[in-house]
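Taking it in order: structure first as structure tokens, then the write-up.
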Amino acid sequence: MEFEKLRLEGNALMETDPAGALAKYKKAAEVGDGLERAQALANAAAAELRLGRFGEAEGTATKALEIRVSVTALYRRAVARRMLKAYEEAYDDLVAAMAIEPLPVLREEISALRRAATSDDDEVDRLDALVKKHGLDLEDGDRTSAGDVARACTEPFYAGRGPRNGIEAYAGGEEIKYFGPAGVQLVDGVMVKQEGPTVMDVVIRDESYYYGTLVFRLAFAERYPSAPPRVRCESIVQHAMFSDPHARRATLEFYDKLLEKKPISVANTVATIREVLAGGDSNEWARYARKHKERQLIIDAFKKHHHAAPELYEEGSLLEAAVWGALEPAVRDALGSGDAASCCEKVTDGVWSLDLFTPTFSKRLIDEIDCFYASGLPAQRPNSMNNYGVIVNDVGLENFVTTLQRLVLEPIAARLFDRWQFDSHHAFIVKYRSDEDSHLDIHTDDSDVTFNVCLGRDFEGCGLVFCGTIGKPDHRSHKITFHHKVGRCVVHLGSRRHGADHITKGERLNLVVWNHSLAYRDSVAATAHNRDYSVEQGPPDPRCVSYTHDRDYGRFKDYPKDRAHFRGRGCKPDQPFLVIITKESLVDDDDDDDRWSKERIDALGAASAKAQGLRHPITSVALLGPKQTLYACEHGLLKCGPKHLYYWRRDGTMIELDAMCLLDFFVEEAFRRRGIGRGLFERMLTDQKARASCLAYDRPSSNLLPFLKKHYNLSAYVPQPTNFVIFDDFFFKD
């Protein structure tokens with residue numbers, strides 16, 4: 001049927017293209033009947049949540065609930081309401097869902113809801129207390145909402161350039177100079193009659209302990225100046241009051257100092273920033289200040305050395321010209337055309353590549369890094385896994401990377417992915433040599449979108465191995481090995497598992513930019529990564545297991561001699577993986593993995609028989625029929641195959657036919673309600689090109705019938721004399 005086709009197409013698109021999935025679900029809602037329409041709307045709400053359209057998701061889930069009350073729709077509306085900070089309504093939805101079926105995911109969401117509500121209420125109460133403490137007690141209609149102000153701060157920001165509404169303030173001395181768009185009236189630096197929050201970049205040049213140039217973003221709620229602006233530091237800084245990773249938001253201690261000054265104004269906000277930069281009494285302040293000073297001293301010391309690419313340290317339009325000059329003509333043309341992705345080639349699903357830098361610029365950047373090495377100045381290792389390289393932000397190239405991010409990387413990512421609002425970055429050079437870092441273990445990045453461009457030099461080997469996305473059924477399946485060439489950039493999500501093969505000759509240097517999006521990190525899609533992993537679709541490819549990340553690494557590969565200390569220390573738990581067995585696919589017992597699978601399958605078959613009260617198992621590798629297919633993972637199995645039987649309709653008439661039947665379905669009790677059974681069932685439906693309503697079920701258990709009702713809206717069934725069960729739609733197959 002068209003509905004089922006659209007539903008399955010939407011499911012296939014959900015991970016990589018939620019907008020495409022949303023279109024499929026909406027179409028399915030149009031063609032489906034009542035219950036199908038409710039299911040499609042609930043799925044559409046899930047897609048809208050992934051896209052960050054929380055208001056639309058709430059409305060779509062409500063429409064689904066008007067047709068049929070379901071746990072799925074209640075849960076998705078609750079998530080949307082939590083993101084909209086409608087905490088009481090979200091809690092009511094979760095209570096209603098728990099009354100239907102107390103699923104673990106509902107308990108997790110209640111915990112998330114409580115954390116969000118507690119955090120927001122606590123911040124509002126503390127901020128309100130500060131307002132009252134400083135004699136700014138407001139009427140209820142004017143009370144400051146920390147949540148509103150925080151949301152106003154989710155807009156992207158960039159050091160070294162004005163914000164999107166064009167307001168800048170320069171505080172090089174006591175006087176503050178404001179610059180705004182032509183013809184726009186500014187009061188205290190803030191636009192007059194602007195809808196929504198206003199943001200401003202404040203550039204502070206100071207010679208205090210935090211000497212140098214720092215850029216701060218101020219976000220003004222509509223109530224300003226009744227409410228203080230929200231503040232965060234755009235520049236990379238080490239400071240106790242801006243210690244929030246990536247965002248560097250000001251702490252409430254900062255606002256306590258700000259509200260001591262009256263009235264609330266840009267000038268007093270700048271004065272407070274200067275005050276907290278100038279000094280503090282705590283050991284924490286001294287520790288952060290010392291780290292910041294050490295970094296700044298290295299940057300300043302390097303300025304006195306020879307530079308191979310001095311244009312990278314320019315500012316404003318000169319720096320923009322340097323960035324444009326580094327790009328291949330095809331990239332400049334694509335960016336100018338409005339379709340930045342037209343210069344990209346698809347490597348595999350979710351991975352793209354493009355010729356980004358010219359060979360000339362790639363060499364100049366390497367020469368510049370060589371100048372830093374020649375200076376003898378200390379360099380911090382790029383990340384927790386690479387030992388050789390340099391953080392380019394820490395040698396004076398922060399503004400260059402920021403400009404590259406704004407002009408080039410963000411527009412490209414906007415066309416390729418849904419997490420494109422970049423707010424900060426971590427950029428570094430990695431270096432591979434046979435006598436240094438010769439390879440890199442499979443891993444994921446602390447990045448939302450990663451740009452990785454090869455700069456040179458001459459080398460052989462060291463390909464970039466791409467596997468699946470973390471936590472997905474194929475996350476340890478090899479997809480492709482990308483081979484670097486000078487100037488070529490590969491683009492992927494940080495959640496993509498990848499690693500570098502061994503280098504066999506020469507030396508390879510790459511510029512890697514980890515881009516961070518605060519809006520994405522606060523979204524439902526980001527929090528989904530913390531949930532239980534999906535059942536793997538099969539044994540992992542040895543190329544895609546990681547001794548640093550996978551606790552079960554030793555089951556598939558021997559630990560490297562110099563990495564034996566990682567045994568059992570991986571940060572990811574053992575994951576059940578899916579094996580698909582038919583009579584024809586069985587191989588010799590000499591295969592260790594296959595033997596392990598057979599032994600486990602036989603044990604699961606025996607456990608299934610015991611759970612059903614059968615005297616003997618009906619599922620084992622030896623009992624597998626020639627036309628049967630077995631789907632199994634470490635904690636569950638599903639067996640299906642055709643059966644030639646007589647099937648009775650509800651009106652008493654009979655039909656003789658071959659039908660696909662579910663013959664055995666079992667998940668160990670301790671591992672139920674984790675998505676394992678649903679994963680096995682969905683994979684079977686996909687492979688067999690079947691609908692749940694068009695299967696015959698052999699002796700369905702008391703657990704299977706509620707499972708089918710919950711996930712597939714199947715409740716009206718017709719018992720058969722053969723102990724099979726079929727549903728009304730069984731006789732209406734396509």
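Each Cβ is built from the backbone N, Cα and C atoms, and glycine gets one as well.
Nobody curates TrEMBL annotations by hand; they come from automatic prediction.
Keep in mind that this is a model prediction, so the values were computed, not measured.
These come from TrEMBL:
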type: DOMAIN; residues: 423-517; note: domain 'Fe2OG dioxygenase'
type: DOMAIN; residues: 561-731; note: domain 'N-acetyltransferase'
type: SITE; residues: Gln612; note: site 'Crucial for catalytic activity'
type: BINDING; residues: Phe665, Phe666, Val667, Glu668, Glu669, Ala670, Phe671, Arg672, Arg673, Arg674, Gly675, Ile676, Gly677, Arg678; note: acetyl-CoA binding site
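Locations of recorded TrEMBL features on the structure.
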residue	record	Cβ contacts under 8 Å, 6 or more apart
Gln612	site 'Crucial for catalytic activity'	Arg699, Ser701
Phe665	acetyl-CoA binding site	Ser608, Leu637, Leu638, Lys639, Gly677, Leu680, Phe681, Ser701, Leu704
Val667	acetyl-CoA binding site	His635, Gly636, Ile676, Gly677, Leu680
Glu669	acetyl-CoA binding site	none
Arg673	acetyl-CoA binding site	Leu103, Pro104
Open item on the list: Just checking a number: largest C-alpha distance across Phe665, Phe666, Val667, Glu668, Glu669, Ala670, Phe671, Arg672, Arg673, Arg674, Gly675, Ile676, Gly677, Arg678 for the acetyl-CoA site, rounded to a whole Å.
Closed with: 15
TODO: Tell me the residue counts in helix, strand and coil for the domain 'Fe2OG dioxygenase' (423-517), as DSSP assigns them.
DONE: 0 helix, 59 strand, 36 coil
TODO: Count, for each of the binding-site residues Gly675, Gly677, the other C-beta atoms lying within 10 angstroms of its own C-beta, and report the residue with the smallest count.
DONE: Gly675
TODO: State the mean pLDDT for the domain 'N-acetyltransferase' (561-731).
DONE: 82
Task: DSSP-derived class (H/G/I helix, E/B strand, else coil) of Glu669 (acetyl-CoA binding site) - done: helix
Task: Other CB atoms, at most 10 A from the CB of Phe671 (acetyl-CoA binding site) - done: 17
